[in-house]
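Colleague: Summarising the annotation, Swiss-Prot assigns domain 'Clp R' to 3-145 and lists sequence analysis as the type of evidence. Sequence annotations record features per position, and here Swiss-Prot assigns region 'Repeat 1' to 6-71 based on sequence analysis. Annotated region 'Repeat 2' per Swiss-Prot: 85-145, in sequence order, evidence recorded as sequence analysis. Feature annotation from Swiss-Prot assigns region 'NBD1' to 158-339; the stated evidence is similarity to another entry. According to Swiss-Prot, the feature ATP 1 binding site maps to 205, 206, 207, 208, 209, 210, 211, 212, an assignment based on similarity to another entry. Residues annotated as coiled coil in Swiss-Prot, with similarity to another entry given as evidence: 390-524. As annotated by Swiss-Prot, region 'Disordered' applies to 443-465. If you look up Swiss-Prot, you'll see 559-771 marked as region 'NBD2'. Taken from Swiss-Prot, the feature ATP 2 binding site applies to 609, 610, 611, 612, 613, 614, 615, 616. Under the heading region 'C-terminal', Swiss-Prot lists 772-869.
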């Protein structure tokens, strides 16, 4: 028999049969080896048909194995297993060839092998029994009137089921979420589908606005019979393009698969509507040398009206792929899908609420849905409603569900504490010194208390979990009853529908309410429970904060205190600049209270003053206070932007230039951390054209980068520092450190000479930093010495400096034109260097105190006080 007269699947089965012959040490390829191989082929048609006939294929494979183990084996060094085809196998293949001819096929396929096995193999006959006619019917249905004209015929069998999914059937089975709104777009789609020619709508809109949902909504309307008569008998198949392309090994196989799909659609005589999501992928799909792409294969059928098709794609991809192919474009009718507003999104979320409650086993408050729509619209700017709002709700539900499945935080902390104490206890038991024994007694008492607390908490958690499970069970039961009601109404089973609507469902609703009320009474308010099962607006705010880094969740007590004392915290780090500190801290408080202008940055300030007076330090202090780290400050040194072309480094190189893919230093940093302090240091050093980029940031709180993406600056604090007018400030400052009106006017004149009015007009405030006074210097000395003590803490050494020595340090290092920086250098020389020499010269024990005083010669004396043992 010619192996080339067999399909690839049968050839593969023969090769596998050789391997099975080797496994069982058989010289011949027996029937059972071939049939077992046919069962184990990838996407085996042989196995699929038997499974549909409800035959236990696993047991049948075991029966084949059992038969193979009874054949006589051949052993030896040069034995070639599976070298010959046995007489029974030959008989089976001859029979398969006869079936091939009777089906008018060109190649022996798997269904021929199956029919031949039923006729010739006793084991197969035994397991098939009286299901021969059933198997024949299944084969006829699978073939669908096709003939085997290629060596890969399986791609043509039930192509739609293989490469698509029936949306109408999924709606009937209750697998689809409800579609809320979008009535106008669905009506437009129905109108286009009802046309005689060019009845192929293409849904165009941004990602996440609900294009696929419109098609799902149409499928739901077909099930509810809420469509014109011409669409009542229609079904919608979603084509999976990736499945069509995947595994197409041979030249022309992709086209063959697509042709089989289109043939089934054509033979349905308009009953099947094909939905192709991401339809732009058709253009160029499967195109190789000399091959035709999928888009060109669709055109003739679309033009003749033989193919009813709905496409969906985004605006950019439609422009890039479909519009270029004008012949394909004119065969589709565009349906624009715009982003819904916040109110419509809230309606959509309310419609989905019940499905998410049942799926996650939680309760979603209405204010959580409102918060999801509003917060996602305001803070998640690079995505679209309703997708981003639905994602927020889903994530919040998943968070609560995860918490419900694991130990509550309170119990988890107690468990960890118990474990920690037990480890410490076992370590201390090995020690014999008195402090260790004393600590062991204290520890054992604490451990006993913690274990008691642990037991009590565990008991509460178990009780609450049990009650929540009952509520969840009742919710799921209610949901399945509602689905059954829809099915009964669709099928016209009015008796069942009436029983469900007026009997079962009201009863379940009452029971659910009773369970929830009992749960509420027994466990108290939501805030008192160990296990949270409610999704509120706080959870939504937490998720937004996680995704964006912007604090939108409700203020906790510690954060309230932190914000109210922000001004005091900044005053400790920045000395002598009260006005600047108050302006910045007030801007942060306004933003966190939610009353700032939502379309502008939190605050934009220009700090003017001499070098070393605390301009940059204030920006660092603010970042450190808000984020507990100076790393959250985006620092741009404007001295690097002295050339006109350097502005491209802020927003990214234009298309075609090197570095276009990398993005801009400023825009990329803000995209990653939307809530941050931006410090533009030494702005006067930059080229004047660089400031034109800042215009829309300061006014609208946004900036478009080189890739056309809008970057949101509404949650940033922008601080610019400059030394413009510092000479005027130094020369005209009053003894008390106050700045006169004339001095301020002179500084402003210098500023106007450098900056354009449109830049200055957009800033919230221009703050003049006054030169530091001698009194300020003594406070800065305290700060520097505190930092030094912090560094010495690791070595358990501390320094004490007398007031007289501090005063001398401040006076000696005082240089008004240089600010605080000379003082830092002076302290390094006078205190840090001598202490470092002492530490290296003699090993100072832990607890050493170094006392620093001023002697009569105006020099510093260092006295080492070692701890008494």
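Every residue gets a Cβ built from N, Cα and C, even glycine.
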Colleague: Spatially, which candidate from the binding-site residues 205, 207, 212 is nearest to residue 612 (ATP 2 binding site), comparing Cα atoms?
Modeller: 207
Colleague: Judged by the number of other CB atoms within 10 angstroms, which among 610, 614 is the least packed of the binding-site residues?
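Modeller: Selected from the binding-site residues 610, 614 on minimum Cβ neighbours within 10 Å: 610.
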Colleague: Rank 85-145, 158-339, 772-869 by Cβ pairs under 8 Å to the region 'Repeat 1' (6-71) and hand me the top one.
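Modeller: That would be 85-145.
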Colleague: Please identify, among the binding-site residues 610, 613, 614, 615, 616, the one with the smallest Cα-Cα distance to residue 207 (ATP 1 binding site).
Modeller: 616
Colleague: How big is the gap, in Å, between the Cα of residue 614 (ATP 2 binding site) and that of residue 205 (ATP 1 binding site), rounded to a whole number?
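Modeller: Distance between the two Cα atoms comes out at 50 Å.
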Colleague: Neighbourhood of the ATP 1 site (205, 206, 207, 208, 209, 210, 211, 212): other residues with Cβ within 8 Å of the Cβ centroid, in order?
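Modeller: Neighbours within 8 Å of the Cβ centroid, excluding 205, 206, 207, 208, 209, 210, 211, 212: 213, 314, 337, 339, 384, 387.
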Colleague: Identify, among the binding-site residues 209, 613, the residue whose Cβ has the fewest other Cβ atoms within 10 Å in this structure.
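Modeller: Fewest other Cβ atoms within 10 Å, among the binding-site residues 209, 613, is found for 209.
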Colleague: Under 8 Å Cβ to Cβ from residue 210 (ATP 1 binding site), same chain, six or more residues apart: give me those in sequence order, or none if nothing qualifies.
Modeller: 182, 337, 340, 348, 386, 387
Colleague: At a 10 A cut-off on CB-CB distances, which of the binding-site residues 205, 207, 208, 609, 612 has the highest count?
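Modeller: By the 10 Å Cβ neighbour count, 609 comes out on top.
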Colleague: Based on Cα distances to residue 611 (ATP 2 binding site), point out the closest of the binding-site residues 209, 211, 212.
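Modeller: Out of the listed candidates, the nearest Cα belongs to 209.
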Colleague: Using a Cβ cut-off under 8 Å and a sequence separation of 6 or more, which residues in the same chain sit near residue 212 (ATP 1 binding site)?
Modeller: 277, 312
Colleague: 611, 616: which of these binding-site residues has the highest Cβ count within 10 Å of its own Cβ?
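Modeller: Its Cβ has the most other Cβ atoms within 10 Å: 616.
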Colleague: Please report the Cα separation of residue 610 (ATP 2 binding site) and residue 206 (ATP 1 binding site) in Å, rounded to an integer.
Modeller: 51
Colleague: Can you tell me how many other Cβ atoms are located within 10 Å of the Cβ belonging to residue 615 (ATP 2 binding site)?
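Modeller: I count 28 other Cβ atoms within 10 Å of it.
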Colleague: Quick one: among the binding-site residues 206, 211, which has the most Cβ atoms sitting within 10 Å of its own Cβ?
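Modeller: That would be 211, with the most Cβ atoms nearby.
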Colleague: For residue 208 (ATP 1 binding site) and residue 609 (ATP 2 binding site), determine the Cα separation and express it in whole Å.
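Modeller: Taking the Cα atoms only, residue 208 (ATP 1 binding site) lies 49 Å from residue 609 (ATP 2 binding site).
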